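As recorded in TrEMBL, the features of this protein are as follows:
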| type | residues | note |
| --- | --- | --- |
| DOMAIN | 93-315 | domain 'Glutamine amidotransferase type-2' |
| ACT_SITE | CYS93 | active site, nucleophile |
| BINDING | CYS333, CYS481, CYS532, CYS535 | [4Fe-4S] cluster binding site |
| BINDING | SER381, ASP443, ASP444 | Mg(2+) binding site |
Amino acid sequence: MAATTSAASAAAALTRRHDGHHSVFPAFSVHPPEPSRLFLLKALPKPYPFLCHTYPIAASSRRCMLPLTPHAALVDPSHAFLSADEDKPRDECGVVGIIGDPDAAQLCSLALHALQHRGQEGAGIVSSDGSSLHSATGLGLVSEVFSDPATLAPLVGEASIGHVRYSTAGAASSLANVQPFVAGYRFGKLAVAHNGNLVNYRNLRSALESKGSIFNSSSDTEVILHLIATSSSRPLLARIVEACEALEGAYSLVFLTANKLFAVRDPHGFRPLVMGRRRPTGAIVFASETCALDLINAEFVREVNPGEVVVVDSRDMSITSLCLMPSKSRKACVFEHVYFALPNSVVFGHPVHSSRYSFGAALARESPAPSADIVIPVPDSGFFAALGFAEASGLPFRQGLIRSHYVGRTFIEPDKEGRNLAVKLKLAPVRGILEGKSVVVVDDSIVRGTTSSKIVQLIKAAGGAREVHMRIASPPIVGSCYYGVDTPSSEELISNRMDVEGVRQEIGCESLAFLSLESLRGVFADEAHMFCDACFTRDYPVPPRNQEVEQLVEV
């Protein structure tokens with residue numbers, strides 16, 4: 001009881017200087033955070049194209065700046081990666097954290113498989129055995145980076161964090177930008193994995209560089225480590241909170257030290273982060289989506305709340321849960337439900353498949369297609385919206401397009417013929433279903449419009465459809481996202497340049513309709529104000545700094 005009282009007092013002391021309240025995770029005892037003696041960030045060069053390192057936790061005896069290493073880009077800029085998804089926004093990252101299981105790294109790799117849709121350019125895992133951090137990172141898919149059991153073998157210990165990524169905030173596809181990052185301080189090491197995007201990244205980096213910080217990557221995540229390293233607060237928990245107070249934008253973070261795992265979410269809660277528990281080991285798991293929990297047999301416990309820091313100590317598996325950052329209006333990314341998340345996930349408290357079904361049903365009521373014969377989805381993300389549209393309209397639901405899952409990632413010369421071939425490699429029309437029919441094609445979104453026009457041509461020319469009526473289960477995208485989503489600049493967004501009729505003519509369909517913003521919000525009812533829909537409205541909860549915008553939209 002005395003230990004618990006002391007812990008609560010320590011937590012309250014840390015909390016008072018922020019917003020005057022804190023919460024303790026109810027199912028576990030609270031343990032006071034152990035003081036951490038961390039000091040200097042070391043730049044850690046990573047060779048191309050794969051890296052495996054062990055970092056002793058022992059204190060560093062002197063300041064050490066390692067030389068920067070140039071890295072080759074993953075893709076020749078004269079070529080382009082083309083697929084049926086080339087016209088979709090891309091979520092930047094997925095994160096996993098596991099503590100309290102002897103197979104932590106292996107479980108982490110499985111969980112990253114479940115999150116592969118959130119990032120396909122690189123993957124990495126850092127593990128802790130209580131005295132050293134062990135790291136393995138590489139470019140490519142999880143199955144490529146960790147295909148050899150020998151890669152996972154050095155990742156020993158009962159705690160690990162993992163990451164899959166797309167490039168963000170100007171971060172090129174080089175190994176130097178593949179997370180988790182590992183930083184060296186005076187008294188130890190710290191690893192971090194980040195999902196999100198900081199709108200004040202360049203300002204923060206410039207300020208840190210003016211004080212002598214040396215950066216080894218072009219990722220905004222490295223700024224977080226420098227802020228922690230230069231903080232004078234104690235213990236590490238306070239350093240993390242102080243660093244996060246300087247951040248603007250979206251961040252769901254997992255940190256790993258020798259014996260602790262930290263999970264942090266930004267005060268607006270832009271990106272998802274959930275907590276679960278494995279049976280029978282009792283291991284605690286954090287992940288970007290619940291589908292990752294399902295794959296490794298972890299039970300969903302709850303979300304990490306916006307502005308919350310959760311600390312798990314591996315020595316006794318005690319959990320400290322503190323709301324240490326000032327409370328702000330919740331603004332969860334609505335596009336997680338439109339496209340990003342897997343349909344078998346529960347995101348922001350709502351089943352994703354149910355949301356998409358409701359989007360489609362609302363779209364059918366708003367914009368029916370009376371002359372249509374059948375409804376087909378653009379696989380895979382349009383499936384549940386198309387099902388909702390079909391059932392609400394009374395039209396037959398058919399699989400008129402078959403998606404190939406075996407094409408892989410192919411780099412093709414970016415001419416018109418190559419781009420058309422990329423779509424044909426991914427999507428094949430079923431002529432026996434489409435021929436002579438008036439078809440409603442349901443997709444989740446239109447960004448540039450390039451892929452939508454190719455799909456319309458494919459359904460008509462190869463499928464033999466008489467008419468194509470496009471129905472989009474989200475409002476027109478008119479604004480770029482600055483919170484961890486790779487969207488083009490506003491000038492490239494077709495709905496920002498054209499009205500609905502102009503878009504219809506551009507993609508070549510007989511009719512086109514988008515889900516209205518009112519109907520989208522209606523699906524979430526009283527919680528609609530808790531979702532960020534700035535890509536549809538340009539109403540940004542955290543406006544980007546003017547000098548940041550050009551850099552952010554170029555990723």
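Placement of Cβ uses the backbone N, Cα and C atoms for every residue, glycine included.
Predicted automatically and left uncurated, TrEMBL annotations should be read as such.
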Cα proximity to CYS481 ([4Fe-4S] cluster binding site), best match among recorded positions CYS93, SER381, ASP443, ASP444: CYS93
Cβ packing number for CYS532 ([4Fe-4S] cluster binding site), 10 Å threshold: 25
Which of CYS93, CYS333, CYS481, CYS535, all recorded positions, has a Cβ with the fewest other Cβ atoms inside 10 Å: CYS481
Of ASP443, ASP444 (the binding-site residues), the residue whose Cβ has the fewest other Cβ atoms within 10 Å: ASP443
Rounded Cα-Cα span from CYS333 ([4Fe-4S] cluster binding site) to ASP443 (Mg(2+) binding site), Å: 19
Between CYS93 (active site, nucleophile) and CYS535 ([4Fe-4S] cluster binding site): CA-CA distance (Å): 18
Within the predicted model, mean pLDDT of the domain 'Glutamine amidotransferase type-2' (93-315): 93
ASP444 (Mg(2+) binding site) versus recorded positions CYS93, CYS333, CYS532 - nearest by Cα: CYS333
